[in-house]
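These come from TrEMBL:
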- B:4-279: domain 'FAD/NAD(P)-binding' (DOMAIN)
- B:314-380: domain 'NADH-rubredoxin oxidoreductase C-terminal' (DOMAIN)
- B:418-465: domain 'BFD-like [2Fe-2S]-binding' (DOMAIN)
- B:480-529: domain 'BFD-like [2Fe-2S]-binding' (DOMAIN)
- B:555-619: domain 'Nitrite/Sulfite reductase ferredoxin-like' (DOMAIN)
- B:629-767: domain 'Nitrite/sulphite reductase 4Fe-4S' (DOMAIN)
- B:CYS637, B:CYS643, B:CYS677, B:CYS681: [4Fe-4S] cluster binding site (BINDING)
- B:CYS681: siroheme binding site (BINDING)
Amino acid sequence: MSHFIDIAALDDIPRQGARVVKTPSGCVAVFRTLDDQVFAMDDRCPHKGGPLSEGIVHGTQVTCPLHGWVFDLATGLAQGADSGSVATHAARIEGGRVLLSETCLRGRAA
Amino acid sequence: MKQRLVVIGAGMASGRMLEHIFEAAPDAFDVTLFNAEPRGNYNRLMLSPVLSGEKTYAEIVTHDAEWYAARGVDCRFGEPVVKIDRANRVVYSNAGGVPYDRLVIATGSAPFLLPVPGKNLPGVVAYRDLEDTQAMIDAAAPGAKAVVIGGGLLGLEAAAGMAARGAEVVVIHLMGHLMERQLDPAAGYLLQRDLERRGITVHCKGATKAILGTDRVEAVLLDDGTTYPADLVCMAIGIRPETRLANDAGLEVNRGLVVSDQMQTNDPAIFGLGECVEHQGQLFGLVAPLYDQAKVLAATLLGTEAAFRPVQTATKLKVTGVDLFSAGDFAEAPGREDIVFRDPGRGVYKRLILEGEKLIGAVMYGDTADGAWFFDKIKTGEDVTALRDTLIFGPAFSGGAAADPLAAVAALPPEAEICGCNGVCKGKITEAVAGGATTLEAVRAVTKASASCGTCTGLVEKVMALTLGAAFKPVENPPMCKCTDHTHEDVRRLIKARALKSIPAVMQELGWKTSGGCASCRPALNYYLLCDWPFDYTDDRQSRFVNERNHANIQKDGTYSVVPRMWGGVTTPTELRAIADAAEKYAVPMVKVTGGQRIDLLGVKKEDLPAIWSDLNAAGMVSGHAYSKGLRTVKTCVGEQYCRFGTQDSTGLGIKLEQLLWGSWTPAKLKLGVSGCPRNCAEATCKDIGVICVESGYQISVAGAAGLEVKETELLVTVATEAEAMQAIAAFTQLYRENARYLHRVHKWVAKVGLAWCRAQIEDPETRKALADRFEESQSIYRVDPWAELAAKPADWAPVADLSQPAVILGAAE
Ligand code: SRM
Ligand SMILES: Cc1cc2nc3c(=O)[nH]c(=O)nc-3n(C[C@H](O)[C@H](O)[C@H](O)COP(=O)(O)OP(=O)(O)OC[C@H]3O[C@@H](n4cnc5c(N)ncnc54)[C@H](O)[C@@H]3O)c2cc1C
Ligand code: SF4
Ligand code: FES
């Protein structure tokens, strides 16, 4: 079982928005949906490295701010005609705090 | 010898049976017809229009005295049958006995009364016959208070009828939504809203505890303590088969009088018909199946083989102006699937219930035109798998593809109005086309259709396509995005018309198909809302593209550019020094002069943005909005102040214009140029709005482009003074803000609505002033520097947590 790290209060992340967590191997974007689910994935678009944390969050998807690829927050998979995926990390809410799985600290697929 | 046929009950079912009998064999029977009501057969369904005043009783009589006389029917109206002597085959009323060879019991239903205290008070009525109807008519004077208990078909018709006569009506309904037997909650909600618009109060989940009053009804008390004063109470909570006579006669009765497929009871000489019967466990409350029974029974009595097979029934509520249709079965059950269509903008709701490959139920509200078609599918039980994808769109789309998308327009009569703004009807457009106007522009010029707000453009094009056939190629106007079927124009119109003031309200009320919209519709909705409701709507930052959310342009490497405003392209040594200091302090990799006459600091890190903004703010500079769908730059030339050809103060006017317009959000970016003479050094004639100064004043031209497309501006107006120029430009900007589709630059929008229309708005002094005033109202909110506001919370711009330090990781992990 992986450990979870308390990273922020839920309200530090805007609804339909994201905040970034710095890790040794790059930034992780932590998203909050309209209905207060949280998701985390690497903050790097597989297309040309766009910061996904700056994308528009709609439903449980995010649209990359640079060229509009859309990713599913739960699976990290690119939607529609585009193909590619982003590494996701477990995240959950407990008592108004956002917890992020420490797997995000381990080495990532290059 | 003629057989003696006695009929108990002169209602709708027996009336129909008699018609069949007399038609097929006029001399087969001597008929005696008893009726408890003091009248013969009338159209009971039509009591509602009588109640509402839309019809008179005389108009709803089905069989009058003459009809009965011509057929030799012995009418015993107002004479209820009190006993059946089966052994001797005689029925008795209080006036005596009548022998029969064949007996038909068609006593209909009795209204069910709530067993609450006060139910027998004068002023409490049911809704079944003319007497009840008359009592309601008498009570429903304007201002009188009526309470209807029961929000089903009958109760609502009673309520609407009394409301139409001016009474203040409250409907108390036990269940969570109206007509729950025919409607699902969504349709029930729409119905409730429509009734409330007619002034009817609807109280759902209301359980009646007592009817209060001493000599007469005075009020209705509910379980939750609510009381509603009442001069009249109508109980319309249900009916039960009228089986008392049959029961007393020892016939087989369950919930209703039990009949066979031939409508025969367990006594071979006695038959049952209508709402009083039970056939294979089923009761009936609508006339359609009763008419089938009447046909079968007539045949049976005449010795022809026939069998009753219950058919599906469909319901329509007979309240003028309420369009509602329900048929079949729509209870939730395993193996059933729903297809739902909503267009709350038009108050339309449709739901189809499928079981396997069959359609088994349909509920429609607001647009019931296809009801009959669906009903037919339900009755035939045909396999609808192949139609499934487009089934809900009805016959126009049957077969999986649009049979003819123009059919609806083709069906419009020539006098149907197409363009509301200019009152142009279909016929006028057809005429114009016949007269040689074959393009949209030409039709506009000749008829003015779609020349104003432009929202009817699609319709005009359809009329043209119908007239011109394949020769006409309409301009496409697809829906906003995959989340909705509405076009941008429709959404804009509905936001205003329905006073929708938040993104969730728009999505709910306009039936968005996704829960949170998408990256394409949300920014558009955010713009439309802030434009239309500057005072009520709060900008939704999360619905903005990154640049507008962060008030800086994102670069390919995730850094940002910072462009401070340089009003009219004019700067000072102090400003330049502050820019230079900031560039050094934040190690800005590139400082560049832009094509918009100002300076760009490129490559700034996100977390440095608040600090660099603060520094620039401190030197008196504000955001240049180089990132926004809003005012960008006003380029100027030096003008009369220094230039030997300059005619007016083009620099000064440019600065004033930028100070007037800055901070405003527009459908797409807005760029201006002001040149001091026609040499046009500020490139004003390829801007969204350009001003060329001349000796006599200012030529304002619009709709230029110099980006993806290159296009020269076209003259809008020429004015004499600087003040007039400013007002005309503010007004034009507002016209663009209020009417254009999101992301359309001025030139694209003008191409759609026509320059002539824009000019007419700006030339009319009143319209111009009103537009300029609305612009100024909006600017009272938006003429602010976003940098100053955002720099106040630098924490928002940094990572929310930093796990890159090993110590932190150990500390936080458990
Ligand atoms: C900085 C600048 C180029 C420069 O170094 O001079 C520039 C830079 C960009 N332009 Fe531009 N445009 C700049 C002047 C222009 C001009 C010239 C002008 O304004 O006089 C034009 C042609 C005039 C026009 O707009 O019609 C121009 C037509 C475009 C277009 C095409 C727009 C169109 O509707 O055809 C785009 C793309 C878009 O907006 O979708 C664009 C988009 C962009 C973007 C925002 C691309 C982007 O989305 O990231 C660039 C941002 C760079 C940055 O991070 O700052 N830029 N761009 C100029 C900034 C002016 C300013 O001070 O604000
Ligand atoms: C206001 C209103 C609106 C309606 N709207 C619709 C609608 O839109 N669509 C629809 O399909 N249906 C509607 N209905 C229902 C429809 O009217 C009935 O289904 C239909 O009238 C039943 O026909 P029937 O012949 O079985 O009974 P009825 O038409 O009720 O006739 C029975 C007759 O028997 C008489 N009777 C009873 N007992 C005795 C006795 N012992 N001796 C002598 N006579 C007796 C009664 O007085 C009555 O006149 C509506 C009903 C009402 C009241
Ligand atoms: S256009 Fe020519 S004359 Fe006019 S201001 Fe510019 S330089 Fe001067
Ligand atoms: S970098 Fe994300 S879509 Fe191009």
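Quick reminder: no glycine exception, Cβ is built from N, Cα and C everywhere.
The secondary structure of B:CYS681 ([4Fe-4S] cluster binding site), as reduced to three states from DSSP, is coil rather than helix or strand. Mean model confidence of the domain 'NADH-rubredoxin oxidoreductase C-terminal' (B:314-380) amounts to 80 (pLDDT, 0 to 100 scale). According to DSSP, B:CYS643 ([4Fe-4S] cluster binding site) sits in a coil region rather than a helix or strand. Neighbours of the [4Fe-4S] cluster site: apart from B:CYS637, B:CYS643, B:CYS677, B:CYS681, residues of the same chain with C-beta atoms within 8 angstroms of the site's C-beta centroid are B:VAL638, B:GLY639, B:PHE645, B:GLY646, B:SER650, B:SER675, B:GLY676, B:ARG679, B:ASN680, B:ALA682.
A 10 Å cutoff on Cβ-Cβ distances gives B:CYS643 ([4Fe-4S] cluster binding site) a total of 17 other Cβ atoms nearby, all chains included. Counting Cβ atoms from all protein chains shown, B:CYS681 ([4Fe-4S] cluster binding site) has 18 others lying within 10 Å of its own Cβ.
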